[in-house]
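What follows is a single structure, written as structure tokens, with notes after it.
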Amino acid sequence: MAYITKILFLIALVLGVGYFTYNIRKVISRIKLGQEVDTSDHKKQRWSNVVRIALGQSKMVVRPIAGLLHIVVYVGFIIINIEVLEIIIDGLFGTHRVLSFLGPVYDVLIGSFEILALLVLLGVIFFWTRRNIQKIKRFWAREMTSWPKNDANIILYFEMVLMILFLVMNAADLALQRGVAAGTFTSETASHYIQVGSYPVSQFIAFLFQGMSEGTLIVIERSAWWLHILGILVFLNYLYFSKHLHIILAFPNVYFGKVVPKGKFKNLDSVTNEVKLMMDPSADPYAAPPEGAETPAKFGASDVMDLSRIQLLNAYTCTECGRCTSECPANITGKKLSPRKIMMDTRDRLEEVGKNMEANGGEFKDDGKQLLDDYILREELWACTTCNACVEACPVSIDPLSIIMDMRQYLVMEQSAAPNELNVTMTNIENNSAPWPFNQMDRLNWKNEN
Amino acid sequence: MAEYMAQGKQPEVLFWVGCAGSFDDRAKKITKAFVKLLHNAKVDFAVLGTEEGCTGDPAKRAGNEFLFQMQAMMNIEVLNGYEVKKIVTACPHCFNTIKNEYPGLGGNYEVMHHTQFLKSLLDEGRLKVEGGKFKGKKITFHDPCYLGRANNEYEAPRDLLRKLEVELTEMKRCKSRGLCCGAGGAQMFKEPEPGKKDVNIERTEEALGTNAKIIAAGCPFCNTMMTDGVKNFEKEGEVAVMDVAEMIANAQDL
């Protein structure tokens, strides 16, 4: 019997971790469909960003209520996961509370896990009410269609159930420990429940178990134990299908985030070459390109493959909190643009392209769709004021603005599809070096006016 | 600038006037006010005049990287030709573009926004800033995106305003969370997309909500947007939109 449970546990563990690894590799290969970027610069600042923004949650607390609640859940989840280590060892070797040899340290550990579990539970309930009862606006925006909404709630339910199972498991354990100590429970199985740990929270649940038989308590304890670890494995595998990947990707994403001033947009090297050639008096404009020359790069982005790997990582990292959208001047004033939707669309399209490639032996088969128009509308792109509010608001350094800019570049430089007024502006700049039709020779006229 | 070059001299700083500062009637007043302050502080400065051209900011933000780089290269050739080292401008868009995007194309200069430059003059004791007629007046400052969030400068304009002994009152959305006026990203030059309201109306509403008598700005485009907003609420009689430089020049009756 003992062997069977150990083997079952091993199978569950291998399946859970294996499938998760398989999916994470899929994420990595999809991110690699993007253009390579050199990120070897600013190492020190990148690490300091990871410490401050990702580990230290510095941007989360800009909104104090959500920020503090999030820190509780985040710290709780990280620390309670130490318990998972014990559960895995116990499961594989058939031991019970293997770390209990730590003595008083163990008591402190279990005690703090319990308090954190309670705080996480309360935090998650609070999150749930904010979404579903208080109906905070950013959770009910246009792009928050049924799946994103359900996804968010499923995650919260998962966390609630896991925390409750953890506390019930401890409570049953405590009830058994008390029974053994009092000499009422005498079976061989019950003797595993030696008196260890401190249970500041679950002692109140254990109260409910008073008078239950030894057998019932063991069933409750074992069921809670199994459901807890299986739940964790299922949740781990749910990550890939949900917006919850941020619990892992936030760290690399912050590392690769923008480290130059937000106002600094990248200069396209492919354009620099063309401009230099144009301005070089000795260049022959009619010269045929040399044999074997590369075809000029496409300007801007119309689909996910044109975006950079960092932008694609951004898309997988986005947890759809909507802080970007709620700060976006275009969105606030009722325009269609929502920076969060830009990220969600990018991920959806990337998933679609990835699946297409899997189905076609690694080659992308044209599906007649692209990120532009089929996902992100021109109307959204042209509503952006490039004010960087979305970039500033993102707690995990996602840059929706860079995608908007790349897509505008495609529209203007590959398609000549700028709004008409902008074409006029650009013609003015081209002809008389100002966005308005004034003569460049009149630039100094203000000097003599009163 | 050409005159300085002919005399074999270098000015202390080049004042980059920008398109708005050169052509827009409202922005020209800011240009003149800033020039008065430069004269007052005995700053030896030059302008490029007819040799200056659009930095390319609206072209770049509209997606026309090609036109942007053409403009940038032409300007860089002129600036490098005159061996310019230090540039000051009253436009945050020019400031951001020359400071951040020109170096990659061969244009390396020390670039300052005019509020930063005025602050440095103040610190060096070359410029006196006193309250004068603004003393005790309620004033709110609207952060230009390309000075604030884009380049992390929130304090220079506020320090100057404090020196004017005004009662500085902040809007709820200020500094890094400041709301855009709606002009950036080449929006200045096009009609907005359909929506509930215009961005400048939303922002002006917030500014008027502070009961400030003056909305201080640091960008010619924000200035236009906020002025339009104030007119929209028919408050132009009570509330003025002024550049920080104009306020300092005005306080001293320059």
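Just so it is clear, glycine is given a Cβ too, placed from its N, Cα and C backbone atoms.
Since this is a predicted model, take the numbers as computed values, not measurements.
For A:6-24, A:65-89, A:109-128, A:154-172, A:224-241, the entry in TrEMBL reads transmembrane segment. Here TrEMBL flags A:308-340, A:373-406 as domain '4Fe-4S ferredoxin-type'.
Through the fold, the domain '4Fe-4S ferredoxin-type' (A:308-340) approaches residues 27, 30-37, 39, 63, 137-139, 141-144, 148, 151-152, 243-246, 249-250, 252-253, 256-257, 346-347, 350, 377, 379-381, 383-385, 387, 389-396, 398-404, 406 of its own chain, all at least 6 residues removed from its boundaries and within a Cβ separation under 8 Å. Note on the transmembrane segment (A:154-172): residues 73, 77, 80, 83, 110, 113-114, 117-118, 120-121, 124-125, 127-128, 131, 197, 199, 201-203, 205-206, 208-209, 217-218, 220-221, 224-225, 227-228, 231-232, 234-235, 238, 242-244 of its chain, located 6 or more positions outside it, place their CB under 8 angstroms from a CB of the stretch. Below 8 angstroms of C-beta separation, residues 88, 91-94, 229-230, 233-234, 236-237, 239-240 of the same chain, each at least six residues beyond the ends of the transmembrane segment (A:6-24), sit close to that stretch.
Counting residues 6+ beyond its ends, the transmembrane segment (A:109-128) has Cβ neighbours under 8 Å at 69-70, 72-73, 75-77, 79-80, 82-83, 99, 102, 153, 156, 159-160, 163-164, 166-167, 170, 196-202 in the same chain. Mean pLDDT for the domain '4Fe-4S ferredoxin-type' (A:308-340) in this predicted model: 97. The residues of the domain '4Fe-4S ferredoxin-type' (A:373-406), classed with DSSP into helix (H, G, I), strand (E, B) and coil, number 19 helix, 1 strand, 14 coil.
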